[in-house]
Amino acid sequence: MSKQQAQFTNPETPGYVGFANLPNQVHRKSVRKGFEFTLMVVGESGLGKSTLINSLFLTDLYPERVVPGAANKIERTVEIEASTVEIEERGVKLRLTVVDTPGYGDAMNCVDCFKPIISYVDNQFERYLHDESGLNRRHIVDNRVHCCFYFISPFGHGLKPLDVEFMKALHNKVNIVPVIAKADTLTLRERERLKRRVLDEIEERGIKIYHLPDAESDEDEDFKEQTRLLKASIPFTVVGSNQLIEAKGKKVRGRLYPWGVVEVENPEHNDFLKLRTMLITHMQDLQEVTQDLHYENFRSERLKKGGASKVENVEVTKDQMLQEKEAELRRMQEMIARMQAQMQIQSQSGDV
């Protein structure tokens, strides 16, 4: 066997074509390209949303944030703040966008306070639909909201009317994951009681939250057990902290109280690790549900109404359209020139 032949055959496995290597090709391409994910966090002020997000991704997304005083909250309106950070771990890049909603639920009158949030979600669908219909489809940035952590106060006896209204208004647009904040303010018994109450109310009100898919039959038993535990933990009761404290002779992230220490990453203390595991292991599924269900529903409605409407805050100028068309024209001209050069070479070799 020649050296060149050996490079393209596998003598150890006769009849092997190579299709089994296709997943590796997809993996390498995905790693080179990197991943995009958009997470929205919604909930009243003071529930530790920013702290939890910083704890989840070991980063500081809000270094310059100023917390408004009580007087400023009375007439405060909902703002939309999107922060993007590039995270790299073992050669894998993640472009994470966290959409925060300061002002939600703070004002005395909270009627329609969630409408700016719904407008933002719809606007990202509009952007994506517009980009899909454009010339430069290869380089579409996906800013659609793939998941929404909805923070529920631990101080009530279940869902507030605003919680119900918001989730029902958004559940056909975004994957909602309910989170009970500040779990360290509850005893274990109170925690379980509140979880059951929230789940019962979600079912009674017909609210559609994100349901983890069942593990496949060919998955290993550890993964099946992990999936079962994650499903049983919804809604997740969490504690966030960026402070390192000493517990049992080691440094851990947690909160120090006169009665003891609450460790953020201790599954016996709260569901922080389960929430992070759910997000990481089901990130692809969250994106697929967004694409195949929520976005397709939005797209179908838009097409029924006669195509994409105007996108808020996005001005497609004539100059931009001309630049796109000129770039496309240049690519076509270059392709034609290459084809002509190849034909000329073939013609010359034929004459010889």
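Any Cβ shown, glycine's included, is placed from N, Cα and C.
Among the ranges 5-8, 77-80, 161-164, 181-184, the one that Swiss-Prot lists as region 'G4 motif' is 181-184. Among the ranges 248-258, 259-269, 325-335, the stretch that Swiss-Prot annotates as region 'Important for dimerization' is 259-269. Calculated from their C-alpha atoms, the gap between F155 (site 'Important for dimerization') and E190 (GTP binding site) amounts to 11 Å. Its own atom aside, the Cβ of G46 (GTP binding site) has 15 Cβ atoms within 10 angstroms in the protein chains shown.
In this structure, D184 (GTP binding site) is part of a helix by DSSP. The least crowded of the binding-site residues D184, E190, judged by other CB atoms within 10 A of its own CB, is E190.
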